[in-house]
Amino acid sequence: MSGQFNNSPRGEDKDVEAGTSSFTEYEDSPFDIASTKNAPVERLRRWRQAALVLNASRRFRYTLDLKREEDKKQMLRKMRAHAQAIRAAHLFKAAASRVTGIASPLPTPGGGDFGIGQEQIVSISRDQNIGALQELGGVRGLSDLLKTNLEKGIHGDDDDILKRKSAFGSNTYPQKKGRSFWRFVWEASQDLTLIILIVAAVASLALGIKTEGIEKGWYDGISIAFAVLLVIVVTATSDYRQSLQFQNLNEEKRNIRLEVTRDGRRVEISIYDIVVGDVIPLNIGDQVPADGVLVAGHSLAVDESSMTGESKIVQKNSTKHPFLMSGCKVADGNGTMLVTGVGVNTEWGLLMASVSEDNGGETPLQVRLNGVATFIGIVGLTVAGVVLFVLVVRYFTGHTKNEQGGPQFIGGKTKFEHVLDDLVEIFTVAVTIVVVAVPEGLPLAVTLTLAYSMRKMMADKALVRRLSACETMGSATTICSDKTGTLTLNEMTVVECYAGLQKMDSPDSSSKLPSAFTSILVEGIAHNTTGSVFRSESGEIQVSGSPTERAILNWAIKLGMDFDALKSESSAVQFFPFNSEKKRGGVAVKSPDSSVHIHWKGAAEIVLGSCTHYMDESESFVDMSEDKMGGLKDAIDDMAARSLRCVAIAFRTFEADKIPTDEEQLSRWELPEDDLILLAIVGIKDPCRPGVKNSVLLCQQAGVKVRMVTGDNIQTAKAIALECGILASDSDASEPNLIEGKVFRSYSEEERDRICEEISVMGRSSPNDKLLLVQSLKRRGHVVAVTGDGTNDAPALHEADIGLAMGIQGTEVAKEKSDIIILDDNFESVVKVVRWGRSVYANIQKFIQFQLTVNVAALVINVVAAISAGEVPLTAVQLLWVNLIMDTLGALALATEPPTDHLMDRAPVGRREPLITNIMWRNLFIQAMYQVTVLLILNFRGISILHLKSKPNAERVKNTVIFNAFVICQVFNEFNARKPDEINIFRGVLRNHLFVGIISITIVLQVVIVEFLGTFASTTKLDWEMWLVCIGIGSISWPLAVIGKLIPVPETPVSQYFRINRWRRNSSG
C-alpha cells in the first residue's frame, strides 16, 4: 500500500515550486485548499478585497485580524525605538560626563534586605550603564549586593525567593484582559441579517399589536426576536469558549522550562519563577529569560533583533559588553548570567505587557471555508431576492391566499396596516432564507475542531503553536526525522572504549590506564562540556547536560574525575562550542603550571582525521601510521554497525605566549585543530524507543514515508534505520537509499531533486543538508514534516510545511521556528499528530457534507413553494431553529469526532485535492434530493396524503409535519455524515459522548418546540401517528445512504471537469 502513496506527483500535474496544479489560475476555487504558511499579510488583504463578502464582521470572526496584526507590529516598532532612544541619551550623557569630568550620579540604594534597590538596578540594566556597574565593583560587586554566590547561585529556599520577589518583583507581566462574554455577544449581534430580523421583529410587533391587539398581536414579533436572541447567545457562548481555550494554549506556549543554579546545583524551573539574583547558564539557542549581566562566557553572541529590530549578532563579554536583554536569543557560544531585572522591569516585559497576544493564526482551511461561505452566501442572497420578488408580485396580484382561501390583498380594500404587516412578514421570510443559506457554521466548525484537537493533542504530548499545522499535518507525505531522542530513547551510556589503540575490557575501568593519561583525559572532559556535575545534600553525584554530555561525564566520573577540582585548578581560556556543521567542539585550558592544552571532542572519524599521534600505555606520543589509522576506522565502523554513537577525544599542547591577551582578539581567536593527539574513542549506546518500529510501519501504511536525517556516522544511522524499520533489509542500504550529507550536498539542484524521493537515511548530515532535502522534496510536490531540536535546525523547520521541534532537547530558537512542539521527543507522538491532522480534515468534510445538505434542501423547498404556491412551509422562527442546529449543535457534534485507525489506512490528502470530494457530492445529492422530493410532496399533497381534510387546522398540521420531518431528517443525516465512505455509520458512536448528547438535546428541544411552543414557532401539537410519519421519513435516509455508498464515483474530481473546460475555452479564445 505504501508504495502507491509514496510515488511522486506527476510532473505535468504539479508546479515545481509549490506542488500546485498546472491549472493554478483556474483552480482558485473556494472548494480547494492552498498552503498559507508564512503567507504575507498583503496577500491575505488582497484575498479579502477580491471577495464579495456578506456580513464581513461575522464571516471573518474566526480569521486573522489584519488591522490588529499591524497595530501589534507598530507597537513593537515604538518599543524598540523607545529602547534605542534611552540608550542614545545615556551614551550622550556619559560622553558629556567624560568631557566635563563630572560623574553621573547613581540612584540611591533601596535598602531593605539587599544592598541595592529595584530602581537603581533597573536603571543600570535598562540604560546599560557600564560606568555605574563598575562603580559597584563590576559583576562580582553587584552579586555581593544581591547576596548571590556566582558559582553556587542563590539559596533558593522559600523565604529567600519571597524576599527577592518582594524587593524586585516577579518574572511575570500583567496580561491584557481577554474579551468578555458581553463583547462576544456584541460582536455576534453585528450580523447584518440578524439586525434586519430584529428590525422586522419590532415592526411585526408594532403592527401586530395595532391590528390584532395586545393579546395576540405580539406573538410573531416576540417569537422572531427571541429566536434571534437565542442565535446570538449560542454564537457568543461558543466563540467565548474557544477564546478561553486558545488563551490557555498561549499561556502554555509562553511557559518555558529552563535550568538555574541554586544552592550549588542545577534545577529546572519555569521562566515565571526566575528571581533577581538567579545565576542562569546560557547555551546556543536559548532565550535570555530576563535582563541581566554576563558573569562569564566563551564566544557568547546574542541576537538582539527581537528588541532592536536590527538583524545583528552582538558579541558579549563580562567587562565591556556584559548586559543581556530578555527575549533575545543566544546565537553562539555559552556563558552564565546574573539576573538583574524581571517582569515589567525588563524591556521585554514592558513590550509584552503592551502587546496583547492573540491566536494570530489564519489557517488555509479557514481561508477556503470563508470563501465557501461567501460563495454560497451570494447564491443565497440571489435566491432570497428572487423569493422576495415573487412573493411581493403574487401578493399584489391577488395570488396570495388568506386563511379563508380568499386573496390576502384586494386593491383599495385592504388596510394599509395589514399591507405593511404582510410585507414585513414576506421580507422576514426572504431575510431568513439568507440566514439559512449562508453556511456560517463552516468557519465555526474549523475553530471547534482545531480547539478540540489542540486540547486533545496536549494529552498526546504535542503542543500546537500554529493552527495551520493541525490541518497541514493531515496532508503530510513524508517525515524527515532526527534519530537521537526521537527514534531512540536518548538514554546514553558509554559501553565501549579504545584508549589510544588499546580496547579496554571494561570501559569504566581506569586500573590499566596510566595516571598521566587519565589526568589529561579527564581534564579535557571536565572543561570541554556544556554539562555540569554537583553533589546533592545526601552526597549523591548528579550530572546535568545533554544526553551525550551526561554519558561522557558519568564515564569520566567512573575513571576518577573530580569535576570541581579540575575546574578550579585550571581555567578555560577560549571555548569553541560543539558545532553541528563541524561535528566537534573544543576548549583551550591553562593548567596551574601555565601550560596550555587544546582539547577537542566530537564525531570519531572527523576528530580522528585531525590526529597525527596517539598516546600509548607508556604515556608516549606515537605517530599515527596509515595502518593504525585504518585499524581505528575499522573499529569505529564496527561500533557504528552495532548502532553505537562514536565520539573521539583528542588534545594538543600549545604555546602560552601565542594566545592573544586582548579580550577582543581572544574572542576572535580560533582554536588550532591540527596535529592532534588521540586519547580515546568511546562507543555510546542509545537504544531504539519501544514501539517506534510499529509507528514507522503505520506511517508507511498511511502513505507517509519516514526518512532519518542524522548527524551520526552512516553505519550507526544504517543500524538504527534497520532496527526501526525505515530500511527493510541490508539490500536497501545502498545509495541513494542510504546517503551521506556531504554526497547529497555535492549534487546539483536537478540531481538532488531527482534522487531525493529515494532517500530513506541521510547520515553525517548538517542542518543545511536537511534544509536542502526539504527544499528538494517540496519541489517534487511533497508536503514535508521535519523534526528538529538544534538552533541550526531552525531554517529547515521554517522551510518545512510542518516544523516539529523537540520539547525536551529542543532549543528555544528551534521551538520558536516550529509549528508543533513534541513534548516528549517521541516519534510515536509525531504519528499521533498525523492522525489528529487527518481527523481535523475529515471532521470538517463531515460537517460540510451535513450542512450543505441542509442548505440545499431548505433553499429548494422554500424557493419552489414560494414560486408555485406563494407561501413558504418553513417560517422565519423555524428556519432560525434549523440554522441553530446546523451552525452550532451540528458543528459541535461532527467537529469533535475523535480520530480512528481507519484514517491511517488512507493516502494523504493532496495539496490541491478538492475539499468536497466526489463521495461527498454523491452523498449530499442523494440526501438533499430525497428531502426535497418528500417534503415538497407533503407541501402540495400533504393534506390528502396525511388524511387531514377533516381537521380544522389542516394547513398548520401539514406545515408542522414538514418542519418536524425536516429537522428529524437532519438528525438521522448527522449519523450518515459521521462516516461518509463507510457502510457502518454506528461504529464507535457510543464512544463519542458529545455526539450522543447533542443528538439527544436536539431531539428533546424539537419535541418541546413542536408540542409546547406552538405559538412561538408557528406549530401545532402532533399526535403519535404524525410523529411516526416524521420519524419514518427521517429513518429512510439510513438505507438510502447505504445504497448510495454502493454507487461508484469517478476518480476525477467534479470540479476538475469545469476547470478543464474553462481552460480549453480560454486557450481556444
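Glycine residues also receive a Cβ, built from the backbone N, Cα and C atoms like all the rest.
Summarising the annotation, Swiss-Prot assigns active site, 4-aspartylphosphate intermediate to ASP482. As annotated by Swiss-Prot, Mg(2+) binding site applies to ASP789, ASP793, with the evidence given as similarity to another entry. According to Swiss-Prot, the feature N-acetylserine maps to SER2, an assignment based on a large-scale study or a structure entry. Annotation comment: Swiss-Prot describes 1-29 as region 'Disordered'. The region 'Interaction with calmodulin' annotation in Swiss-Prot covers 42-53, and the record cites similarity to another entry as its basis. Taken from Swiss-Prot, the feature topological domain 'Cytoplasmic' covers 2-180, 241-369, 445-844, 896-915, 974-991, 1046-1069, and the record attributes it to sequence analysis. As annotated by Swiss-Prot, topological domain 'Lumenal' applies to 202-219, 390-426, 864-874, 939-951, 1014-1023, with the evidence given as sequence analysis. Residues or ranges marked as transmembrane segment in Swiss-Prot (evidence: sequence analysis): 181-201, 220-240, 370-389, 427-444, 845-863, 875-895, 916-938, 952-973, 992-1013, 1024-1045.
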Relative to the transmembrane segment (845-863), the stretch among 220-240, 875-895, 952-973, 992-1013, 1024-1045 with the most Cβ pairs under 8 Å is 875-895
Min neighbour Cβ count (10 Å) across binding-site residues ASP789, ASP793 flags ASP789
Taken over the topological domain 'Cytoplasmic' (241-369), the predicted model's pLDDT averages 79
Quick tally over 370-389, 875-895, 916-938, 952-973, 992-1013 of CB pairs under 8 Å to the transmembrane segment (220-240) gives the top stretch as 875-895
If one takes Cβ-Cβ under 8 Å and requires six or more residues beyond its ends, the residues near the topological domain 'Lumenal' (939-951) are 861, 865, 868-869, 873, 957-958, 961-962, 1026, 1029
Rounded Cα distance in angstrom between ASP789 (Mg(2+) binding site) and the residue listed as 'active site, 4-aspartylphosphate intermediate' is 8
Maximum Cβ pairs under 8 Å to the transmembrane segment (916-938) among 370-389, 875-895, 952-973, 992-1013, 1024-1045 is reached by 1024-1045
One stretch in 370-389, 875-895, 1024-1045 has more Cβ pairs under 8 Å to the transmembrane segment (992-1013) than the rest, namely 875-895
Long-range CB partners for the topological domain 'Lumenal' (1014-1023) (under 8 A, at least six residues beyond its ends), listed in sequence order, are 219, 222-223, 226, 875, 877-878, 881, 953, 956-957, 959-961, 963-964, 1030
Whole-Å Cα distance, the residue listed as 'active site, 4-aspartylphosphate intermediate' to ASP793 (Mg(2+) binding site), is 10
Around the Cβ of ASP482 (active site, 4-aspartylphosphate intermediate), other Cβ atoms within 10 Å, all chains included, total 25
Beyond a gap of at least 6 residues from its ends, the CB atoms lying under 8 Å from the topological domain 'Lumenal' (864-874) belong to 386-387, 390-391, 394-395, 399-401, 429, 858, 882, 932, 935-936, 939-940, 958-959, 962-963, 966
Within the same chain, the residues 6 or more beyond the ends of the topological domain 'Cytoplasmic' (974-991) and with Cβ under 8 Å of it are 845-847, 849-850, 853, 890, 893-894, 897-898, 900, 902, 919-920, 923, 927, 999, 1037-1038, 1041-1042, 1045
